[in-house]
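Colleague: Just passing along the structure, written as structure tokens.
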């Protein structure tokens, strides 16, 4: 027969469990944080994708300026994906460099909806190959012009959150609505990006930069088209920031060499916390 | 009639097993206390050592060495006593033997045990008796005990037929010879262990691409059957499969994205069986123990009280011996059902995104109820769900405990006493 006093055993056991659970949960959270730091690769490259018609040398000036400003030089590794899916890799990883620049360019660098789709798939090939060679599991991204579209498509269609983590993405002069200025008329690419936005990592921090030479355009991409990025990122990622750059070198093709933009890259992409290499 | 005789033999055999298990249980319980202290308090990777940071107390590790040695001594003594008692009780049941005959039968079993266990081939790893020290299973000790009784019985019959008198040296010689032959056959067959104990482990489905619920359910059935036939070592914990390949993939993904959502393989052996269906070891024995505390008879309640501490830390050997659970047909149903129901409910909750899957590695000797809680980085929903599963398992055990333990087993126990 069930006696009330016998219930003390069950209640006592549950109480002891609850009392033990409090310090155990605190310890576990610290342990997971430490494991996570140990799990993140020391190498945290900045992967840059140029826009249409540009080659793997598109960011040479940008890297040169950044290296000139830095105490330690950053490596520059360049990849060009050929039309037959083969990769041409050049450059060398400098010792003790945790933040190398990796440029992924495409032999078929045409503009338009279909070419951009192909380039996103090629980008996936290149990232996987670079991961095999250099063994990283996290990176940051910079995309100039259509390079920003390729980055966004890659994040929506190919990025595997179980393998990689990406903290920051900076798109520079990216036409999210192609040449369309009217935000009520959404082009195919914008519709596709909006449809797939849920797959973009939630903890991502996005900076969208546009140049302005005459209040409305950088000479090639309309400010409204860059602004259309808000429909893709806003409400999905952790932070979405839009910045307009004016003054010298704000024409579309000059943006990667623009001093203000380089400063933004240094502040918001390069200067992130150093990885914790060893557990305490 | 013949069939009845066969069943009578089996009943005798089981009764002598239970009788010897009860006799040796105090030694086992003592060993389990030491093992528990070692597993959960004194080892550097243990639960209390890590949580309460015992690292600045150097004596803790030294205590660990002492408790390890003490537990091994207790387990070895338990296995020896179990083996000898089985032989003695069995010969008594078969032919109402006198004390000398019981002792001679026990001696035959002891010699068999030592000869089979002795291995000159493993001196390189510093052990002559690979079988003892808690490595052997209940079943092996019982079977050697029965073999000892059979050896003595066979010799006795042979000598009576020839009108000779059986002497001690003849029993000794025959046992040593028989044990040596068994040992050599075992070595020839290249078994990891010398018989039966690992057969069930060959049947696991982890190597096949099957849904996690099926693999976890099958593994749970295997674990329970292994427990039920006594093919478990006294001090060994049931594996919680945290090193399973699926869990390794989940762990890497969880650490990469710092989240337990959308993991590649949320339903796997560790997240289901290891986290929710090993409360008190295989068969959710913590639930059975609590039911015994609530509604059991005096003797059962006492056994449950004594075993509360080790079972809370997943060491259930004591309960296995005291009740006993080995070859107890009436309890086989809930032993199988309780963990299966827990696995299925947990699978449904994880699949419906009500609960995250347990992924992170927890310290050794973590209390059973806290395993899934810590494995999910302290999800309180998971802790409440685990307690709920414990209560459901208790409900599953309740009618069986009422109907079987209170009648048949206890009747047997009264007779044994």
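Each residue, glycine too, has its Cβ placed from N, Cα and C.
These figures come from a predicted structure and were not determined experimentally.
Sequence annotations record features per position, and here TrEMBL assigns domain 'PTS EIIC type-3' to B:1-400. What TrEMBL lists as transmembrane segment is B:21-43, B:63-91, B:103-123, B:135-155, B:276-296, B:308-329, B:336-362, B:382-401.
Could you give the neighbours, burial and distances for every feature on this list?
Modeller: Non-local neighbours of the transmembrane segment (B:21-43) in the same chain are 49, 54, 60-61, 63-64, 67-68, 70-75, 77-78, 81-82, 85, 134, 138, 234-235, 237, 306-307, 309-310, 313, 315, 317-318, 320-322, 324, 326, 364-367, 413, 416; each lies 6+ residues outside the stretch with a CB under 8 Å from one of its CB atoms.
Beyond its flanks by at least six residues, the transmembrane segment (B:276-296) meets 216, 220, 223-224, 226-228, 232, 237-238, 240, 303-305, 307-308, 311-312, 314-316, 319-320, 325, 331, 334-336, 338-340, 342-343, 345-346, 368-369, 371-372, 385-386, 389-391, 393-394, 396-398, 401-402, 405-406 of its own chain at Cβ-Cβ distances under 8 Å.
Counting residues 6+ beyond its ends, the transmembrane segment (B:308-329) has Cβ neighbours under 8 Å at 14, 17-18, 21-22, 24-25, 28-29, 32-33, 35-36, 39-40, 138-139, 142, 227-230, 232-235, 237-238, 278, 280-283, 285-286, 288-289, 293, 300, 335, 365, 367-368, 404-405, 409 in the same chain.
Long-range contacts of the transmembrane segment (B:336-362) within the same chain, counting only residues at least 6 positions beyond its ends with a Cβ under 8 Å from a Cβ of the stretch, are 47, 212-213, 216-217, 220-221, 223-224, 242, 247, 250-251, 254, 260-261, 263, 266-268, 270-279, 282-284, 287-288, 370-372, 374-377, 379, 381-382, 385, 389, 392-393, 396-397.
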Colleague: Over the domain 'PTS EIIC type-3' (B:1-400), what is the model's mean pLDDT?
Modeller: 84
